[in-house]
Amino acid sequence: MAEEVSSLMKATVLMRQPGRVQEIVSALRRGGGDRLQVISDFDMTLSRFAYNGQRCPSSHNILDNSKIISEDCRKELTELFHHYYPIEIDPHRTIKEKLPHMVQWWSKAHSLLCQQRIQKFQIAQVVGESTAMLREGYKMFFDTLYHNNIPLFIFSAGIGDILEEIIRQMKVFHPNIHIVSNYMDFSEDGFLKGFKGQLIHTYNKNSSVCENSSYFQQLRNKTNIILLGDSIGDLTMADGVPGVQNILKIGFLNDKVEERRERYMDSYDIVLEKDETLDVVNGLLQHILRQGDCVELQGS
């Protein structure tokens, strides 16, 4: 008889190797909260991809769709999206082939935003007026990590100021959260003049842009990782972590499901297909922390 996590029985759950997943989950459970850290993407991973059939905005979209952006700028940003997004998710191109296109996309978009005379105080307002939503079950997720002293490292190619404000407005911005993202750089008179540090895009989310060796050094006893992402580029987010013993990779498959399913199942341990909740992640956390409901099942 094998003990399994009941949330893994959800219809949205796909696993190429259920036995392997069970081994990793058992190892995470043996380590408990003391050994665990979570590394996650933000846009369309912690935030929702869609609600009632409507696409939800990413942190970039929130700004693109806001009234502080001119109509011309919005049009140009939309054109960039329609040109580059198909390249980003094209299953027939290698990451190496996509890289220069992603750099061009982010650089052009950031350059357009810097021409808009965006002011720092407008960020909270723009987020408040947006339709951004965190996935169902977000409060339990953020609170469970915080109350069990489990660090949450958010590695995002979005806009740091925006996603931080979303988490704040949802009242779950706890002290255990560390964010690496594209943060806005404001002039002394409060206008956006650029972005700080190295550009982070979908396909360089790894130790090359991560000036966080000291962050991970402090957590060197946290040798077990749950990684959450929604793109193939998210799989490298834990590359800068020293001494990893066990890592469980969970991928949200939100878009172009049919053509990307096989690749996701080859790459992620657990794939969540069109699942707008954090139920599976929360169920796993409860299980690892020995708080969860388990069902007895025949071994996988």
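Quick reminder: no glycine exception, Cβ is built from N, Cα and C everywhere.
Cross-referencing ASP185, ASP189, ASP230 against the Mg(2+) binding annotation in Swiss-Prot, which names ASP41, ASP43, picks out ASP230. Among the candidates LYS193, LYS196, LYS205, the residue that Swiss-Prot annotates alongside SER156, ALA157 as binding substrate is LYS205. Calculated from their C-alpha atoms, the gap between ASP43 (Mg(2+) binding site) and LYS256 (N6-acetyllysine) amounts to 16 Å. Surrounding the centroid of the Cβ atoms of ASP41, ASP43, ASP230, where the record places Mg(2+), the chain contributes additional residues within 8 Å, namely PHE42, MET44, THR45, LEU46, SER47, SER156, GLY229, SER231, ASP234, PHE252. Less than 8 angstroms from the CB of GLU88 (N(7)-methyl-GMP binding site) sit LYS98, HIS101, MET102, TRP105, THR202, SER231, each of them six or more residues away in the same chain. Counting in whole angstrom, LYS256 (N6-acetyllysine) lies 12 from ASP230 (Mg(2+) binding site) by their C-alpha atoms. Under 8 Å, Cβ to Cβ, and six or more positions away along its own chain, ASP230 (Mg(2+) binding site) finds ASP41, ASP43, MET44, THR45, PHE49, GLY251, PHE252, LEU253, ASN254. Around the Cβ of ASP41 (active site, nucleophile), a 10 Å sphere holds 25 further Cβ atoms from the protein chains shown.
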